[in-house]
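What Swiss-Prot records for this protein:
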| type | residues | note |
| --- | --- | --- |
| DISULFID | Cys3-Cys20 | disulfide bond |
| DISULFID | Cys10-Cys22 | disulfide bond |
| DISULFID | Cys16-Cys28 | disulfide bond |
Amino acid sequence: RICPRILMECKADSDCLAQCICEESGFCG
């Protein structure tokens, strides 16, 4: 999957860019 390496806070996968997923840490990865 393609995930830009940008630190983004999230609550759900839809908060993240491209194919990033929302990790348990509360950040996209």
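Just so you know, glycine gets a Cβ as well, placed from its N, Cα and C.
Here the candidates are the disulfide-bonded residues Cys3, Cys16, Cys28, and by Cα distance the one nearest Cys22 (disulfide bond) turns out to be Cys28. In sequence order, Arg1, Cys3, Pro4, Met8, Asp13, Cys28, Gly29 are the residues of the chain that are 6 or more apart from Cys20 (disulfide bond) and have a CB within less than 8 Å of its CB. A straight line from the CA of Cys10 (disulfide bond) to the CA of Cys16 (disulfide bond) spans 7 Å.
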